[in-house]
């Protein structure tokens, strides 16, 4: 309540209120000065309100006292429960931890005023999780309450923690949260093999680096605490097998290091140790953290291919060796207990030219062809060894045959030389330096000797000087070379090698005479300018050749034209000769209809019928007898011939299904003069004498022999 000393209680003074919450939360009785709250107040929302009050004269509305300021403080009550703002919680603690090991601290917050009463004084307690864990009442620190908690037995616990205000007294408010505690692993479990011994069977043909078996020691720990290493500590297979660890599964992998051989050893025994890699010193009393087991490996017999005594055979043979020469011998045997006989052969994919043969029983390799080192200096062949009892078992051996060189190639020029000599060359001038090559490969290198052949040794134009370094120099002997006299010289050079026996060859050096400039550089070596006056020019030769070619073309054209004229006119199948098809909708009268056309043309055909042939191909020449029809006009004969051929074409199933051009060699049925052929006269009763044909010369000798009556007549 506000009251002014000026107020006499007569109602002349009124009170007004301003500031925080005035008129909305707080109101004042303007007559008495009593201040009232209009709604429920919450200290947690606002603990203080600052207001201003003033007393005014009711009539003049003027202040009778200065404005005064006052503060309204909200007194707290216990209306808020404790809250765990960070809950729920998760925490971890190592297994086997001692009692009292701190796990995690939980904190609850109470919104009430901590300075007024016990409304904000919180006490912690555990509702769920005993007897494994406990909590400090004042601090909220959770600790282990039991020793030797084993993760392998139970690895997770759920705790319920309560926070209660009013120092835990009755009537206080409370809140709860959950805490999930996980026991983390420690290396408290040593590895142990489930069995004290293992046995595995493996074939002897198993390749090196193959996996024989996988074994694993059990370890209840996880992560790094379960990591193990395996090693072979004893046994007769120390050098044959090795063991490694699979990082994912922690298994021990037994791998072959050397090839197995049933015939040499049938079984192996290994002592294998598994040990933890990370041992915790706090738990050494639970050890030892390693274990041992025995692994027995039984080798199974497998039918193996033959094995050669050497993986690579090196042999040498001279290229002069005759066919059938023995080069060397290979040997292989069956490694199995049966020791089956072995037969040998050469893989012809490695000896396509079949230079070598091998004895199937003894393995002796011989030459089958003449060898040439210059073609192939080394032959790499594969020899196959096959079991007689099981041909599917094939072993392979490799043979390198080196061909030894002999002197079987003569030396020759190292290149094709283009040698020139200037017309103004002086005696003793070098015009060419030559060298030689030889396909052979002597051990001490090549040594060549150069000289002119005997017939060229005394020539007056050029000489040869051997430089003793496998080269030679060609020099001039005279001056005054002239192209018009001789434009090309041929110099035979004799080359001998140093082989045993030595070989030689004669190589011809072509030397052209050229016109040179002042520096001795050839300008032109063409001798045409000097040759043309003695013969035809190039233009004349070209003209003559053009005329000859023109004549040949004309002859070919004439022959072609004559051949075309002789060819009969036949139907070209590539040309589609057909008429336009016109459709009519009227019908004929059939066979009884004789009014549409003249039937006389189809009757009384006085013509000899021949065998029907296709009319869309070239007809053959028909030699028919020609009876005389003197009483029938020519037009009737041809009309009958045409109608007959038309009928044949209509009923011919082989004729094309469209109109086609038909060509016939028919001239009629006869002539007034009858036949003029002399072929019929040979059988006639003619009395004519043909002996005069013998006097007409050799061109008529054939006719004279046919028709003559002499003693040499063919028909006498």
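Quick reminder: no glycine exception, Cβ is built from N, Cα and C everywhere.
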The annotated transmembrane segment range in TrEMBL, which must be one of 470-499, 500-529, 530-559: 530-559
DSSP-derived helix, strand and coil totals, residue by residue, for the domain 'Cadherin' (4-84): 0 helix, 32 strand, 49 coil
PLDDT averaged over every residue in the domain 'Cadherin' (194-308): 91
The domain 'Cadherin' (194-308): DSSP-derived helix, strand, coil residue counts: 10 helix, 54 strand, 51 coil
Summary of DSSP states over the domain 'Cadherin' (309-413), given as helix, strand and coil counts: 3 helix, 48 strand, 54 coil
Secondary structure composition of the domain 'Cadherin' (85-193) [DSSP: H/G/I, E/B, coil]: 3 helix, 45 strand, 61 coil
